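Here the structure comes first, spelled out in structure tokens, and everything after it is commentary.
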Amino acid sequence: MSLMNLPEESRPREKLLALGPKSLTDAELLAIFLRTGIKGMNAIELADKLLKEFGSLRKLLGSNENEFCSHKGLGTAKFAQLQAVVEMTERYLFEKIEKEDALTSPEHTKRYLTRILRDRHREAFYVLFLDNQHRVLKGEVLFEGTIDAAAVYPREVVKRSIDYNAAAIILAHNHPSGVAEPSQADRRITKRISDAVELVDIRVLDHFVIGDGEIVSFAERGWI
């Protein structure tokens, strides 16, 4: 059935305008992005099918071009649109933490870091550089690979912190396994970085480990 044949209150776009985006299901939100369906399926039916094939909305959003375009109804134009949406989301979240104290707005910081790191297939070590009022100056992936393989160099963190004239930093990295519990290697590298930056009067305020649906804070554990 075409979306135009549905009652107006059941059409995703009209429903969003009347009740707000939170009233929509994942399939309805995706249908608005897709705009059209394929032969034999309207946009909602196609969206529902795609969500089942990918496993979740998050996995769809985190898919690469080959994965995305291998599904019927999706192509390079839609992939480009999706990447634009994802990038706008990341910039929006970064703007929110950039204008606020990263410590007094920890949920915004966690949301941003989760968005940046959660769906990466390799470990990535990310640093937020803060001024003396704990406002964000810059965020950057400094290292990629396995943290346990000594891929994180404290001297590089010190160098970048000085480059940005940072007074404090927040560390973060992901666990592709999905388990956010910090390892002993995570704790060792945190101490090494903390000791290194303290020599130039810079503080590590926290280290977040991002898993699948969970995030662990070293500061909340009392480890920093």
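Quick reminder: no glycine exception, Cβ is built from N, Cα and C everywhere.
Note that the coordinates shown come from a computational prediction; the quantities given were computed from them, not determined experimentally.
In the three-state DSSP assignment, the secondary structure recorded for His175 (Zn(2+) binding site) is coil. As annotated by Swiss-Prot, Zn(2+) binding site applies to His173, His175, Asp186, with the evidence given as sequence analysis.
Per Swiss-Prot, domain 'MPN' is recorded for 102-224.
Listed as Cβ neighbours of the motif 'JAMM motif' (173-186) (distance under 8 Å, sequence separation of 6 or more from its ends, same chain) are residues 117-118, 120-126, 147-148, 207-216, 218, 221. The motif 'JAMM motif' annotation in Swiss-Prot covers 173-186.
Look at Asp186 (Zn(2+) binding site): DSSP puts it in a helix. Sorting each residue of the domain 'MPN' (102-224) by its DSSP state yields 44 helix, 35 strand, 44 coil.
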